[in-house]
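K.L.:
If you scroll down you'll find the structure; I have some questions about it.
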Ligand code: SF4
Ligand code: SF4
Ligand code: SF4
Ligand code: SF4
Ligand code: SF4
């Protein structure tokens, strides 16, 4: 009898300890997750989930960056403790042709596929630049093309769009427009922007990119039909689906 | 004193080499490169990374095997006493606790808690697909903080100090740390051991008082066997404190190392 009680007590204690320990650990892991997703990661970390599971937090990428772009997150940074990230306004990524940060990574957290021949920096995707038309002086009609000029993918990632300036009647706006699919998110434009707070900022892809889904097909593009070949036709269930929502439910 | 000085030199030396960031040693205690060629990585961290990503790159694997072999075959749990910077904090805390005679509070934590946390870290790494202990590791925060010269790690250091100084005896390293537990498991058969000579022992119990893992000293005064638990950190404190020369470091004391524990 006594033995059984002792056993139950130990088992209960053990279970409680495991439970609370696990909950504590999981909570700590979750705690910073929200803000962490705003962090710009080193080149090669396109797949954020893969990056977070493989990064051993050694800082070898940080040490091998010739521009001191990367930083390991401390307790006070918004990125997860110990993981490398960069702040484009302070130091952008200068897109070294040999990408030493990826070379240095011992764990494949930074994808080595970018080091293969014919890949180059074009295949990187650290984030996407977004222009704020309110504070970008080019949208006021003032001539500024700094971001356009510093962009290593000039005329591809940022293009200048001209537009007639009605106010003066004789000038042109030259508006910077980012091509989201080309921009690699190096942050050189954010670093160079002339306004007090940058009018062009690099954000992680997840915050900028949408996703169309399968229910729109480009009729003028014969190949687009291929994309949704296997999509299942979906019908509205009047009991559970709000008909007002049906367009964005992917039905 | 000899071993204490040597240990502090080793601990500070490793951190200084990392901070200097020359070709000698690059990276930090999680993973690094020695002489720009030899990879080293924390085997426990590498194991978590493997479970989290179900993938391990050959460099990290080599580094982990290398480090695990050095400790597992030769040095035992020496990482804890000779390399880990947290050791300096908990040693200071233990010293303060002793000086203040602060024995009142004892968190009644089970002795094998660190092993539970070890298993938990591995399971959570797999479930959450992120190296679980590395994500919250106080060792990581402290060592990176010192190496990178930031300040926020001092909060963690203070917390660790307070826990060990005021909440209970030797909680961090002998109750909580899963890395210590990992090295204790790996180190069971390491060659470097502390040898005990029961004929010389006068049962003064000084070694018991100073040892951070006193359960490993069960043989003191009873039997002439080596300290054969992987939990011994090879700190050499017991050797220094023993006035009767009943304890000393030895390698290859294979016969004495594997005797069974006697109940007493
Ligand atoms: S590509 Fe060059 S500049 Fe950019 S993070 Fe890597 S090492 Fe630094
Ligand atoms: S080198 Fe790789 S594993 Fe090390 S911190 Fe950078 S991304 Fe993480
Ligand atoms: S982040 Fe800016 S500079 Fe870099 S590729 Fe994109 S638009 Fe060009
Ligand atoms: S540098 Fe800044 S202000 Fe100038 S055009 Fe680009 S975004 Fe606008
Ligand atoms: S037995 Fe001696 S060497 Fe081992 S941990 Fe205890 S004091 Fe240190």
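Backbone N, Cα and C atoms are what each Cβ position is placed from, and that goes for glycine too.
Grabbed the feature section from TrEMBL, which reads as follows:
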TRANSMEM  B:47-71  transmembrane segment
TRANSMEM  B:78-95  transmembrane segment
TRANSMEM  B:115-133  transmembrane segment
TRANSMEM  B:145-167  transmembrane segment
DOMAIN    B:192-222  domain '4Fe-4S ferredoxin-type'
DOMAIN    B:223-252  domain '4Fe-4S ferredoxin-type'
K.L.:
To the transmembrane segment (B:115-133), which of B:47-71, B:78-95, B:145-167 is linked by the most Cβ pairs under 8 Å?
P.N.:
B:47-71
K.L.:
Count the residues of the domain '4Fe-4S ferredoxin-type' (B:223-252) that DSSP assigns to helix (H, G, I), to strand (E, B) and to coil, and report the three numbers in that order.
P.N.:
5 helix, 5 strand, 20 coil
K.L.:
For the transmembrane segment (B:47-71), what are the same-chain contacts with Cβ under 8 Å, counting residues 6+ beyond its ends?
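P.N.:
Hits for the transmembrane segment (B:47-71): 31-32, 38-41, 77-79, 121-122, 125-126, 128-134, 183, 186-187, 190.
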